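Okay, handing you the structure first.
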Amino acid sequence: MSSTPSSGRPKVAIVYGSASDAQTMSKAGATLGRFGVEYEEAALSAHRAPRTLADWIEGLRDRGVAVVIAGAGLAAALPGTVAALTTLPVIGVPISGGALDGMDSLLAIAQMPPGVAVATVGLNNATNAAVLAVQILALSDPELAARLATYKDDFERAAADGLARAAAGTSA
């Protein structure tokens, strides 16, 4: 388990089903770090360690966590299990792999039963999961909202610069 330095702001919990998911999910931590958002990280399987996972979920609020990012591949039970056991917002990251190359995880996370809400991003898109978590946190944090606005402005400026270079026939 790791985290960025404590700053007193709301935290995000990043959880994934196995060590093989760590590389994909590291993008969420890097993105949260870019915004200065405190987070914790854990590898916990909904299938192999359900009691440990339930205990971890039970302590989220006590640790100050406000949003959970849960990544999983294959049957991808983790995001739905987390959402079923907490009232915190859960963002699911389907991770590609296996015979269906991630389509199974995408459908498993996106097709939750009524009352078990999981926001779902694209395959392997832990970056967007982190940006969505930042957007949620920024609703009650003006400083974070300002950093998010700068990020979006920078993103738009970079896209415009790329289009201008393409129109001019040059590359970066």
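Each Cβ is built from the backbone N, Cα and C atoms, and glycine gets one as well.
Pasting the relevant annotations from TrEMBL:
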DOMAIN    10-159  domain 'PurE'
BINDING   S18, D21, R48  substrate binding site
For a three-state summary based on DSSP, what are the helix, strand and coil counts in the domain 'PurE' (10-159)?
75 helix, 28 strand, 47 coil
By a simple count of other Cβ atoms within 10 Å, which of S18, D21, R48, the binding-site residues in the record, is least packed?
R48
Excluding S18, D21, R48, please set out which residues of the same chain place their CB within 8 Å of the center of the CB atoms of the substrate site, keeping sequence order.
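So the extra residues in range turn out to be Y16, G17, A19, S20, A43, L44, S45, A72.
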Looking at substrate and its recorded binding residues S18, D21, R48, figure out the farthest C-alpha pair and report it in angstrom, whole number.
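Taking every pair of listed residues, the largest Cα separation comes to 15 Å.
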Could you tell me the mean pLDDT the prediction assigns to the domain 'PurE' (10-159)?
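Mean pLDDT across the domain 'PurE' (10-159) comes out at 96.
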